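Colleague: Quick one: the structure is below, questions incoming.
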Amino acid sequence: MGKPTLLEPGHLYNVPAEHKNDVPIHYIITWIKQRLPEFGGAIPTSLADRVLIIKSRTGSGKSTALPVHVFRILRNENTHSFQKYLGRSVICTQPRVLTAVTLAKDIGASTHYPDMILGQTVGYQTKPLTEKPNRGLIYATAGVLLAQLHTMTDDEIASRYAFMIIDEAHERALGIDLMLMYIKSMLERMLQRGSIGALRIPFVILTSATIDTHKYSTYFGIGKENIILVEGRQYGVETHWPLYNTNNYIKTACETALTIHKENIHDRPTEADILIFMPGMAEIRFLSMLLNNANMDLAKEKLPLMLILPIDSEAIAQENEAYLGLKAEIKNLWVKNPLTAKVEKPLRRVIVSTVVAETGLTIETLKYVIDPGWNRSIETYYPEWAGGLITRPAAQSRIEQRKGRVGRVFPGHFYPLYTKHVFEQIPAQQYPEIITEGPGAIFLSIVVETIKKNKEGVFKAEEIDMLDPPPTDALASAIERAIVAGLLTRGEKGLQLTQLGDIASRFSFLSIEEARMCFSGYFWQAAISDIATILAVVSVADKKLTNLLDSKQRNGAMLAEAVLAGIPPFLQNIDNAYTNIHLLLADDLLEGLFIFEGFQHAIVYFINNKVNNVAKHLREWCEKKMLKYSSMVQILARREDILNELAIVGLNPFHHWQNRLASANAETFLKRVCTLKQCMYEAYRLNCFCYDEHRLLYTGRNGIHFSYHDAVIKNPSCIVTPRIMLSPVSKQYMEWRLEPSFVSVLDGFVNVDINFLLPRQEIPNILGGVEDEEEEPPLPIQVFLHKYVKTHFHFSGKSFKELKMKPGQTIKFPETTLINMIPDIPKNVVQTYLEISVCHQYSFKRLIYCETFYTDMDDVQHENSVELIGLPMAAHHLTINDFNKLYHLLKPDGFLMVYDLHQSQEAFWLHSLQDALGHHTIRRDMDFHTIPEWETIFKECGFTPIFSKQPSEHELFIVFKK
């Protein structure tokens, strides 16, 4: 392989004239050393002293030679390999697992870098795969560095890394944009600390073949002297533009590959491979089938055969046969003749790949690239919050990356399946994901990072410091979701994180809804392992539960055997088991839970029986159940990640393990189903939809509507879904329809606030402040209540009743009288919600939850809400005067506790109390029976008792104020 242009003189641009003929890597290393104090440079005082942008064409060695030579700044290349390196590391991020792993292995095996030994001085770290030294050059996916920046302090990062190289920095994934935001903020904070922080501040290098240097230099506030341009490949690439566009790019790609193969039958196998880009796995499978059929024709003509290798992220993660064929030398590969069934040497490999092969991958035998010009990515539309995989023309920058796969070792050929005129019309750069998808799971991270820079400690949208801020409608939707989830609230000065929001912001990758569902699980005493499993199923199965099936013809009936493998024992012998389970659960997510439980049972069975090669037996088990083994493994990994996330922030990931749905009996099963559905409802409340009998459609508060049909459950009145998906109506036209991803029926399981689902009004100024208005006198108490309040009576665990309550009406329960509460509701109240759950025999901890919704912004917000946590019995003795006093005492902040002494081992409020009291430890076996004893504990932590009541020796009610 020839030298990369970084190692050849005369390929520099945008540098002083006297240096244009320098060896680029020498110039770059000298430029860096001049800014390092240990080499005589000055102490850095600005970002210009620590940020360098290198725009280097494909094939220049920016992913290989550059990181190695940067590492050699820290460790001389002549250092003996047996001498362990103990200094700081160099991390080089890659957008994909394939490139991170491949680059590390290639450098470790290269004779050009004898000092770089895999596992000692060079390695890789990705989420599923790791082989890295404790110190050295580490290739990692962007997500690895992002998680470290999210959880570690500035000093911890600085003590670990001397250099951070962000390769393929032009990619605008959400994680990469957030990572750059973190890096910039970290550099600024360390510079503000003066020489103490600046001495060890990491050096940041951004590299790409197609980076927008003006945009990135403006973002980091650096000048042209911080931008170095390097010429790329040493060999030419001929572009073969077609005269006409194609109407069937898959068929045309096959025909083009076959033409190339036949017209270049004398290619040497070491200079013959073809790479074809496809937007998705479905297209890859179809094209692979066509190419295999073409091999049949080649065999009939007695021509050399092609070896077809379909490659996507799943193939890489599993390191399957196709991936191993990609990494092997062509001389060691064989292909079966479809006529004779004998194996023979292929002339060339035809690699059919998604965008995983677009960047950072060097295939030394690659000579031809065929590009249909399409790219598929997730797009989300607001305020409907509906999204899906949309196929659009790839940007020019992506096409240049694809073209750059050839011409690295010898001259190459590029075959676009679109005309040159079309190429000139498409956008130059790809749209960032924060524009096409919205902030999504990184929203709370954006909020926290923005709040850090705000002196008032509030979130202001105009202060978001990103390459591209989120669109206004996407940001408004994210704020709404965070407020409804109880993670964000509007204080006197602006939007602030709640206590739950502060905890949620510490999660590395959980979305707003996922975090809320976990919190609800703790609140309702659900098994958190079940919550984690459900969230993992949603993440992996994506649109529908049938995506877990390993079959081309997928339908719900095929799930039956997989679902039944994980149901509780008492349900396994009923007639028409799957139909009855489907009818009983009325929930795709719970069926997904049982599918995973069956997979888990299989794992335990094989391990307990000490079978050899557990993975092989699990694959066979999945085949019998018609499940994708890879998907089940992904669910297992995702579930473990969620449980680890909870543990990292200090939450018990095995909370109420005994309440798992799979271990339920006949008496507890429905209660646990209700509990899990309640958690889903609270997490995805904005995605509740009611059935409109007149339109025969499901409608929601955002005005969107869709049809939903189930073969067993006919038109349930209320459903909830994790997301609304865009599904193509046809392959020929750019038309989509809305449909729910997974459906959980709420009828009879959850008390749904119907008024909340009414179409919302368009109210301006969500992102700004509230205009000053004259204070209005309070309205009568009666405006507080809805038209009616749904109230569940649960006496025996078998029967439910629902009462309709008029404004001002007194509700009478056995041993209980609760009347209108909390006066002085402001004029701008548009909705209130009062839910009263009275449970005998079952210790539900949620008693009263009052949410007040205001109209001083565009979206719903909780403010001055009161939550009583504890058993209902403790509140039976509270009068209207007690509640009135409570309301005034709690404003603007306070802590409310309802506690039943018999339930101390399971009281949920201990979690909230632990957080409220900071470092003060609360033992779960505490048994304080009197108010003075509790007052002593709270006083030690700075709380003052302001209201207390002890109706009996077993009941306690105290309010404390900070």
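Placement of Cβ uses the backbone N, Cα and C atoms for every residue, glycine included.
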Colleague: Would you mind telling me which of 151-154, 167-170, 655-658 Swiss-Prot tags as motif 'DEAH box'?
Modeller: 167-170
Colleague: Looking only at the domain 'Helicase ATP-binding' (43-229), report the model's average pLDDT.
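Modeller: Summarising the domain 'Helicase ATP-binding' (43-229) by its mean pLDDT gives 90.
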Colleague: What count of other C-beta atoms do you get within 10 angstroms of the C-beta of Ser56 (ATP binding site), across all chains shown?
Modeller: 27
Colleague: What is the Cβ neighbour count of Ser63 (ATP binding site) at a 10 Å cut-off, with all protein chains included?
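Modeller: So the number of other Cβ atoms within 10 Å of Ser63 (ATP binding site) is 28.
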Colleague: Test of understanding: give the count of other CB atoms lying within 10 angstroms of the CB of Thr58 (ATP binding site).
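Modeller: The Cβ of Thr58 (ATP binding site) has 24 Cβ neighbours within 10 Å.
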Colleague: How many of the residues that make up the motif 'DEAH box' (167-170) does DSSP mark as helix, as strand and as coil?
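Modeller: For the motif 'DEAH box' (167-170), the helix, strand and coil counts are 0 helix, 1 strand, 3 coil.
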Colleague: Give the helix, strand or coil assignment DSSP yields for Ser60 (ATP binding site).
Modeller: coil
Colleague: CB neighbours of Gly59 (ATP binding site) within 10 A?
Modeller: 26
Colleague: Could you tell me which of these binding-site residues, Arg57, Lys62, has the greatest number of Cβ atoms within 10 Å of its own Cβ?
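Modeller: Compared across Arg57, Lys62, the most Cβ atoms within 10 Å surround Lys62.
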Colleague: Identify, in sequence order, the residues in the chain of Gly61 (ATP binding site) that are 6 or more apart from it along the sequence and have a CB within less than 8 Å of its CB; answer 'none' if there are none.
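Modeller: Looking at Cβ-Cβ distances below 8 Å from Gly61 (ATP binding site), excluding near sequence neighbours, one finds Lys3, Pro4, Thr5, Leu6, Leu7, Ile25.
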